[in-house]
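**Q** Grabbed the feature section from TrEMBL, which reads as follows:
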ACT_SITE  C118  active site
ACT_SITE  H260  active site
ACT_SITE  N290  active site
DOMAIN    112-191  domain 'Beta-ketoacyl-[acyl-carrier-protein] synthase III N-terminal'
DOMAIN    245-333  domain 'Beta-ketoacyl-[acyl-carrier-protein] synthase III C-terminal'
REGION    261-265  region 'ACP-binding'
TRANSMEM  314-331  transmembrane segment
Amino acid sequence: MNCRMIQGAKIVSTGSAIPSVRVDNEKMSSFVDTSDEWIFTRTGIKERRVLTDLDKSIIDLSIDASFEALKSINMHPSEIDLVILATSSPNDLFGSASKIQYEIGAINALAFDLTAACSGFVIGLVTAAQFIFTGAYKNVLVIGSDVLSKWVDWSDRSTCILFGDAAGAVILQSCNSSSNSILNFNLNTDGKYSNYLSIPYEESFDTHPILKLRQGCFKYISMNGKEVYKFAVSKVPLSIINSLTEINMSTKDIDWLLLHQANERIISAIADKLSISSDKIISNLSKYGNTSAASIPLALNEALKLKKISRNDIIVVAGFGAGLTWGTIVIRW
Ligand code: UT7
């Protein structure tokens, strides 16, 4: 991290929301050729939540997560200066953050979407921290929210078993620079491999009679699972080590490892590479699957409710996914 810090930043509140409809591995086996045994041993997932209500979207989940975060510290929405919505499944290609800003009553906030797939929350939190470090804003609401069930091909067993829908939110607040809790970050992109994980736009063959335009639509998630797996296991540990070394810390200083919840085998392999014992891993993947940008704030909120995390604990948070993008934040709680 190389930035001028006027103010420090700390997470003062969290919230999350999940749809009520639960789809377990048995249910998945009723419509694709798979089994609970295959899914659980290959991914660690037992069930996931999906948003089935026709009139509901990431906006509704995001609003619920945001209200939980606001209520837990009795903050009035008008105190929020900025809303960052990390999502790859907005309801509107021009962005969904402004609708959330309106619905929660954050009347003084700028709001924008940030698209970085499963790394979205990590990049969103780092972005929020920059606005706070410079003294520009005091309270930033960062939401990670995805409803990838809308973009999954439910007949493709290699992808549909992985994803679930959810939202998570945190409020990042300015504080004295000596109390800063965002200790360091490390963010990366390698666009060469963007085709490993994407929701491609496909043009239709309809042409405009005069302009010869083609218009199309987005299709389903396409993924090279093996390559994404190898990428995560090789790149994320390096990102974590770099961000710790830069601030004279080592993996021994880690109290909690909070990784993007994509696959239990990925999480374990990264922890093994870093020699981090399993009791320091925060994981709720078995209940929710891969909820993309929501997975980290959802797991963080749950860990806090379970009173796992104590003051001054060092939490290493790392995200990875489409782009390809990956990154780490070192947090002192
Ligand atoms: O946010 C990032 C999102 N993406 C990821 O995190 C993906 C990372 N990758 C993975 O998690 C793993 O690669 C998967 C879980 C997606 C797949 O696990 P794998 O151990 O890499 O399996 P595979 O793709 O090598 O497939 C092994 C076999 C294949 O059959 P054959 O060719 O060996 O006969 C697949 O057709 O398993 C088959 N298979 C399935 N069988 C039962 C693939 N999906 C399924 C399924 N149920 N759902």
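In case you wondered, yes, glycine gets a Cβ from its N, Cα and C as well.
Looking at the shown structure, can you explain where the listed features end up?
**A** In sequence order, H260, A262, N290, S292, A293, S295, G319, F320, G321, A322 are the residues of the chain that are 6 or more apart from C118 (active site) and have a CB within less than 8 Å of its CB.
Secondary structure at H260 (active site), taken from DSSP and collapsed to helix, strand or coil, is coil.
In the three-state DSSP scheme, N290 (active site) is classed as strand.
Residues in the domain 'Beta-ketoacyl-[acyl-carrier-protein] synthase III N-terminal' (112-191) partition by DSSP class (helix H, G, I; strand E, B; coil) as 28 helix, 30 strand, 22 coil.
Within the model, the region 'ACP-binding' (261-265) shows a mean pLDDT value of 98, rounded to a whole number.
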**Q** Let me spell it out: take the region 'ACP-binding' (261-265), skip the flanking residues so only those 6+ beyond its ends count, and list any with a Cβ under 8 Å from a Cβ in it.
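**A** Beyond its ends, the region 'ACP-binding' (261-265) has Cβ neighbours at 42-45, 118, 162, 229, 232, 283-286, 288-291, 295-296, 298-299, 320-321.
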**Q** Do any residues of this chain, six or more beyond the ends of the transmembrane segment (314-331), have a C-beta under 8 angstroms from a C-beta of it, and if so which?
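**A** For the transmembrane segment (314-331), the list is 11, 88, 116-123, 125-126, 181-191, 193-194, 196-198, 228, 231-232, 235-236, 239-240, 242-244, 247, 249, 253-260, 262, 270, 292, 296, 300.
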**Q** Using all protein chains in view, find how many other C-beta atoms are within 10 Å of the C-beta of N290 (active site).
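**A** 25, counting other Cβ atoms within 10 Å of N290 (active site).
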